[in-house]
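Feature annotation from Swiss-Prot assigns active site, proton donor to TYR159; the stated evidence is similarity to another entry. Among the features that Swiss-Prot reports, active site, lowers pKa of active site Tyr is placed at LYS163, with the record citing similarity to another entry. What Swiss-Prot records for ILE18, SER37, ASP63, ASN90, TYR159, LYS163, VAL192, THR194 is NADP(+) binding site, and it gives similarity to another entry as the kind of evidence.
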Amino acid sequence: MSAAGGIVYVIVGGNRGIGLSLVKELSNKEGVTVFASARGPGSASELKDWSKTHSNVHIIKLDVTSLRSAKDAAMQVEKVVKCIDVLWVNSGISKSFQPVLKTSDELWMSHYQTNVLGPIHVYQAFYHLLKEGKLKNIVFTSSMAACMGGVRPNTYSAYGQSKAALNYTMKEISFELEKDGFVVVSIHPGVVNTDMFVNAMQKLASKYPEMVESIKSNAISPEQSASSMLKIVDNLKTEDNGMFYNLDGTKLPF
């Protein structure tokens, strides 16, 4: 059973930015238990402080690039609950700001390992807990950078490609689990003022100054992003399985 008959969430990448905002909003809801992952829990100071005043928040160690780490994290969760209802993979990196011609193998591989294999590792490790849950929801935080029809003439190379691969993976999983009552979706979180966003804007500013200023002026807070995405996830239905959603709840093309 889920914890005390309530809803159990696993938020992967719950130690900062959007993930931390998800943890905070969810943990303020009655009957919700949240497992928040961090690659290095010892340095996740804000998450640790939050958990001290919210007994329904449990911190787990998880490095998504390692299947062994993902399985260990699932074992940590299983010591507390017998199933989970929502698995939300929010972790990711964006460090690729050069054209394809100049992007190194290391960058291609690191983005694929974290943004694609990472979510796969987590799904494989937590599947047995999800299939016993009530909701059976899997959510992947994706990006509009994955949309082929919406690609801008800027240099997201490895990042955009990895998010497109993530969306393909989401769609494949949605087909595989449909008969078992799962609802699997990807969501674009919006342009969010996180550490990753600030770094990206700094890298792109010299080449695309006008575009960067426009993007920065429209950026929203992690709290706004988390709240809007939760409105989507809180209302997921069977027919939403396999969909890619924008922050406002509209469907996005792949």
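Including glycine, each Cβ sits where the backbone N, Cα and C put it.
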How big is the gap, in Å, between the Cα of ASP63 (NADP(+) binding site) and that of TYR159 (active site, proton donor), rounded to a whole number?
19
At the level of the C-alpha atoms, what whole-angstrom distance separates SER37 (NADP(+) binding site) and TYR159 (active site, proton donor)?
22
Hey, what's the widest CA-to-CA gap across ILE18, SER37, ASP63, ASN90, TYR159, LYS163, VAL192, THR194, the NADP(+) contacts in the record, in Å?
23
Fill in the CA-CA distance, TYR159 (active site, proton donor) to ILE18 (NADP(+) binding site), as an integer in Å.
18
Residue, out of the binding-site residues SER37, ASN90, THR194, whose Cβ gathers the largest set of other Cβ atoms within 10 Å:
SER37
If one measures from the C-alpha of LYS163 (active site, lowers pKa of active site Tyr) to the C-alpha of VAL192 (NADP(+) binding site), what distance in angstrom results, rounded to a whole number?
16
Where does SER37 (NADP(+) binding site) sit in the DSSP three-state scheme?
strand
Fewest-neighbour residue among binding-site residues, criterion Cβ within 10 Å, set ILE18, VAL192:
VAL192
